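Novice: First the structure, then my questions, so here it is.
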Amino acid sequence: MPSNKSVSDAAITQFINCRILRDHRLQRDDLWVREGKVLDPEKLFFDEKGYADKRVDCEGSIIAPGFIDVQINGGYGIDFSQASDDVSTGVSFVAKKILQHGVTSFCPTLVTSPPAVYHKVLPQIKVSDGGEHGAGVLGFHLEGPFISVEKKGAHPEQFLRTFQSGGIEDLMETYGGLDNIAMVTLAPELGGSQSVVKELCQRGITVSLGHSVANLSQAEEAVHHGASFITHLFNAMLPFHHRDPGIVGLLTSDQIPAGRTVYYGMIADGIHTNPAALRIAHRAHPSGLVLVTDAITAMGLPPGRHTLGQQVIEIQGLHAYVAGTKTLCGSIATMDMCVRHFKHASGCSVEEALEAASLHPAKLLGVSHRKGTLDYGSDADLVLLDDALNVEATFISGEEVWRKGP
């Protein structure tokens with residue numbers, strides 16, 4: 001038992017024989033957890049005279065903060081953009097399945113849909129903590145429908161919208177409300193979009209730029225109004241051009257306000273982004289790179305036809321296309337796969353690869369005081385990995401929620 005009852009009766013778990021990702025480097029140290037939080041062992045030893053009730057031998061594994069996926073459309077046959085009376089069952093099913101890939105928190109993502117779908121789906125899912133039942137929900141990511149027709153990608157054109165009544169009223173009319181929304185992807189060149197960016201940011205909702213033909217100055221203006229993310233960099237935007245680099249130019253723009261970081265999503269599945277393009281982005285702006293899966297309903301399913309929102313999609317090998325076309329429509333990659341591919345393709349360090357799936361998305365969403373790090377006081381959401389970055393076990397609030405079989 002902990003010796004000092006005046007502090008807490010709660011059991012203390014000590015993770016031993018591990019390398020902990022802390023302060024941007026892997027450190028040989030023990031990790032102490034109580035009541036779901038990472039403990040400062042000095043305070044424990046010297047102030048409380050406490051000690052561990054339970055030890056977990058990590059056998060030399062790496063302990064990293066749990067992965068956070070800010071763009072995932074579904075998986076395992078579930079499509080978050082399909083309206084039903086029981087959306088929560090599908091979200092919970094995916095939340096449970098992604099534990100094996102080291103994901104401890106995520107943003108269920110809805111692609112462009114008719115208002116009726118948002119009105120039906122959004123009220124059914126609340127921000128919630130993770131646990132044995134599955135990864136925690138940090139809020140929805142709404143990708144569309146306020147995006148560019150020219151860069152719609154796999155989004156159905158008939159449901160795209162523009163800002164008619166001057167902004168936030170259009171959002172309310174389309175989405176039905178803004179509760180439990182973490183992020184909105186929009187095209188900053190749409191008329192009226194800048195006031196929407198400002199309003200969303202004032203409400204604590206992250207604004208991402210994507211599916212857009214914006215030039216660099218339009219993108220910079222959106223950043224000045226609070227936008228802080230780029231949805232799947234290079235995909236569904238104007239290609240880099242030396243006279244006007246477009247949204248991609250934000251990575252090296254000198255117009256970013258002091259103290260602000262623009263983050264960018266990268267689908268590191270080996271299909272959406274050529275390794276050379278991935279290396280260019282990483283070398284230009286390493287601290288902004290956020291790994292996303294952009295996984296669709298077919299993640300974890302066999303080849304063939306499946307649905308994504310209002311579209312039929314076809315899986316051929318590792319590619320997911322809008323059926324009958326060669327338009328990519330999301331990936332079937334898992335987050336641990338993306339971490340491994342990113343490290344291999346970019347030549348980055350283990351620490352950088354892990355932080356791109358944990359610290360960076362946490363900072364983007366403004367939750368790095370509790371997620372994405374193993375600092376004292378943070379949530380004890382952990383992933384144990386071998387040296388090849390294969391997931392061995394996943395913990396949420398210090399409790400084991402998944403472990404690889406023998």
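Every residue gets a Cβ built from N, Cα and C, even glycine.
Predicted automatically and left uncurated, TrEMBL annotations should be read as such.
Sharing the features that TrEMBL gives for it:
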- Asp294: active site, proton donor/acceptor (ACT_SITE)
- Glu143, His211, His232: Zn(2+) binding site (BINDING)
- Ala154, Asn235, Ala236, Arg243, His272, Leu328, Cys329, Gly330: substrate binding site (BINDING)
- 62-401: domain 'Amidohydrolase-related' (DOMAIN)
Novice: Show which residues of the chain containing Cys329 (substrate binding site), separated from it by at least 6 in sequence, have their CB under 8 Å from its CB.
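Specialist: Expected: Gly153, Ala154, Ile296, Leu308, Gln311, Ile313, Ala320, Tyr321, Val322.
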Novice: Using a Cβ-Cβ cut-off under 8 angstroms and a sequence gap of six or more, which residues of the chain neighbour Asn235 (substrate binding site)?
Specialist: Gly153, Ile267, His272, Thr273, Leu328
Novice: Near Asp294 (active site, proton donor/acceptor) in space, meaning Cα within 10 angstroms, which of the binding-site residues do we find among Ala236, Arg243, Gly330?
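Specialist: Checking Cα-Cα distances against Asp294 (active site, proton donor/acceptor), the binding-site residues within 10 Å turn out to be Gly330.
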Novice: Could you tell me the mean pLDDT the prediction assigns to the domain 'Amidohydrolase-related' (62-401)?
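Specialist: Mean pLDDT for the domain 'Amidohydrolase-related' (62-401): 95.
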Novice: At a 10 Å cut-off from the C-beta of His232 (Zn(2+) binding site), count the other C-beta atoms across all protein chains.
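Specialist: Counting Cβ neighbours of His232 (Zn(2+) binding site) within 10 Å gives 25.
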Novice: Which ones in the same chain are close to Arg243 (substrate binding site), with CB under 8 Å and 6+ residues apart in sequence?
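Specialist: Sequence-distant Cβ neighbours: none.
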Novice: In Å, how large is the greatest distance between any two Cα atoms among Ala154, Asn235, Ala236, Arg243, His272, Leu328, Cys329, Gly330, the listed binders of substrate?
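Specialist: Spelled out: the longest distance between any two Cα atoms in Ala154, Asn235, Ala236, Arg243, His272, Leu328, Cys329, Gly330 is 30 Å.
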Novice: Give the sequence-ordered list of residues that share a chain with Gly330 (substrate binding site), lie 6 or more positions from it, and have CB atoms under 8 Å from its CB.
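Specialist: Expected: Asn73, Ala154, Asp294, Ala295, Ile296, Leu308, Ile313, Ala320.
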Novice: At a 10 Å cut-off from the C-beta of Ala154 (substrate binding site), count the other C-beta atoms across all protein chains.
Specialist: 23
